[in-house]
Amino acid sequence: MLPTLLSQVANGLVLGSLIGLIALGYTMVYGIIQLINFAHGEIFMVGAYGGLAALTYLLPAAIANQWYLALPIALVAGAVIAALVAVAAERFAYRPLRDAPRLAPLITALGVSVALQEAVRVFYPDATAALPFPSIFIEGTLEIPVPGGTVPIKYAGILLALVSLALAAGLQVFVDRSRTGRAMRATAQDRDIARLMGIDPDRVIVLTFLIGGALAGVGGVLYGGYLNNINIDMGFQNGIFAFTAAVLGGIGSIRGAVVGGLAIGLVKSLGGQYLPGGTAYDYVWIFVVLIVVLVFRPQGFFGETERVRA
Amino acid sequence: MSRKRAVVATAAVLAGALVLTACGTNRSETGGTAGGSCDTSKGTLVIGMIAPLSGGLSALGLGMRNSAELAVDQANQKCTVPGYRLAFQAEDDQATAQIAGQAATKLSSDPNVVGVVGTLNSSTSQSVQPILAGKKIVQVSPANTNPTLTLGEAPTTDPKRPFPGYFRVATTDLVQGPFAAQYMVQKAGKKNIAVIDDGKTYGAGLAEQFAKEATRLGATIVAREKVGEKDTDFSGVIAKIRPLNPDAVYYGGEYPVAGPLSAQLAGAGLAIPLMGGDGIVDADFVSLGGRPGDLATNVGAPAESLPSATAFIADYEAAGFAEEFSAYGVLTYDVTNVIINALAKVADGGAFDDAKRQELIDAVQQTSLDGANGKVAFDQYGDTTNMLLTIYSVEGSDFAPVETGTFRSS
């Protein structure tokens, strides 16, 4: 019993920290320009394909087989490509609509999401089907002994969880402490006043997309290395989870995104184990929790009640 | 950037999105060359195909497309259908029931479409059947295995054929599931089996039939779990079955899930074989994580071992297709020929018109063809009378046949 419980907790934490990492992108963009960037899941997917492209086409096999060389290169490639795509989406799809009614950029985001998915399917070689993703970390499984058995966690899963949480913590410090972070918070509070204080809101918004995209790209590569295969649908499903996590944690809050992500990961794995219906119904419990939380706390765990703007 | 240019740029992005979506959902390809010296005075008749040409199952679907195209091309060269040139039109269903329905509507709105080859998935056939039946277009599937497609809502207790124009050459789950169970319990000696499926028509049906027969043969089904067909992380399910100490996993579904599932089983310390049905028999299963020793059943005998299939294999290679003919190539080639031969019989007596559609269905019903996969004939439900199945096991980077047998209920 205990090993099973702990295994499911471990599974939930690995998945949850990844969802939290993706959710950071949703929550930051929403905080700054009140846009739910539905294409963000696809940015995550593009990052995974970017990392795979670097491993497949850029690196000689001798380097690609050494994880300590391949891992940083794949992560950087995934982050750079995802960040570029995110910034391009902002520049060409969202910025022209910044003063349009809110629904216009929202629908545009859905369009960008479809465009990115189809672009990868059409232009990435063999992306019409799932592609194998090489191992980019120590292969194998860590068996943690506990009373009554062992808890298996893949090393790549441990890496995924630790890197995700470290990046989220780093982002929180960056936003709280740095000058640029202060500019981001100022822009989030009131773009016009921030402009009067000498902040260039366009620069801040581009930076927000850049950081969110890079984090998602890192997540995509780590996810590929964890599961050893990627497909063009991976962004949609994890994007929905991440969006839910951002709402659950309080959209606009970095801490909330991570807590929301971990909550979803744990609800999925523990709900699939212990609640009626088993793993076939694990998605149901995620959204049951979301609804219950929103009924009693509409702003989410750490969110602020939305200010009405003039 | 001026406001106007910005609007233009946005419109361009959106238009690009629309165009790309359109490419994804409505890809149709037309093949079939004109027979050089044949009499084609009566015009062109179209044989359609509905199969996944993109998406996770495209490896199987593209093999089906190429094999059917080969059969149509050969018929044109040999002037098989008197007075007509045959055209081939393949529609992508992306393994999705709703898109398959759109493809069926598109094909059935063309009065020149006489028959449809496909689909691959049982779930897509469920939405295709009624649409084609409405226009009396004959449909022959090389791959559907769900019993209800030919036997109605109560296949075992009260079989009733729902669509007289629907035929298939794949043996049903009622045969394939038990065949797999007999091998796993009696030959491989597995006693504690975890059964997982993807909840789709094909996977759930196959897993159900497997579990029933395995239980009857004395094995214990230690777990009965479901995963989503788009899931990629199966750690939850695996952690759940691990403490139950299964000695094998049976998976009802297709290789995009089965491959990663097999890899993740091993990753969680469960180095036990995974067995599946015809939906996992593809080299992609191994590249996505399938391990040596994993097992599968497939309908028919391995093409390489069949003397009747040597001509097909040689012709397929000579045609220079970019993709392998894959698990259903041989059967697809056979069913395309079933339609062509029936058409030849019907068209012999005059021009093909709507009144001849029933005659075509009757001609398919009476098929007796020595195909590449062996004898092709149909029983009163439209099911194949050929009960040959093969057990495969992963060796190296692909499946290799272990043994071929005829199913007997024991």
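Every residue, even glycine, has its Cβ placed from backbone N, Cα and C.
According to TrEMBL, the feature transmembrane segment maps to A:12-36 (among others).
Sequence-distant neighbours of the transmembrane segment (A:43-63) (same chain, 6+ residues past either end, Cβ-Cβ under 8 Å): 22, 25, 69-70, 73-75, 77-82, 85-86, 89, 116-117, 120, 124, 127, 131, 133-134, 136, 212-213, 216-221, 223-224, 230, 232, 234-236, 238-239, 242. Marked as transmembrane segment by TrEMBL: A:43-63 (among others).
Distant neighbours of the transmembrane segment (A:69-91): 25, 37, 39-40, 43-44, 46-55, 58-59, 63, 112, 116, 134, 136-137, 205-206, 209-218, 220-222, 225; these residues of the same chain sit at least 6 beyond its ends, with a Cβ under 8 Å from one of its Cβ atoms. Per TrEMBL, the feature transmembrane segment maps to A:69-91 (among others).
If you look up TrEMBL, you'll see A:155-175 (among others) marked as transmembrane segment. The list of residues near the transmembrane segment (A:155-175) in space but at least 6 beyond its ends in sequence, with Cβ under 8 angstroms from a Cβ of it, reads 10, 13-14, 17-18, 20-21, 24, 135-142, 181, 184-185, 211, 215, 218-219, 222-223, 225-226, 254-255, 257-258.
The feature transmembrane segment is assigned by TrEMBL to A:204-227 (among others).
If you look up TrEMBL, you'll see A:239-267 (among others) marked as transmembrane segment.
Annotated transmembrane segment per TrEMBL: A:279-296 (among others), in sequence order.
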Leading contact stretch, A:12-36, A:239-267, A:279-296 vs the transmembrane segment (A:204-227) - CB distance under 8 Å: A:12-36
Non-local residues, at least 6 beyond the ends, that sit with Cβ under 8 Å of the transmembrane segment (A:279-296): 241, 244, 247-248, 263-264, 267-269, 271-273
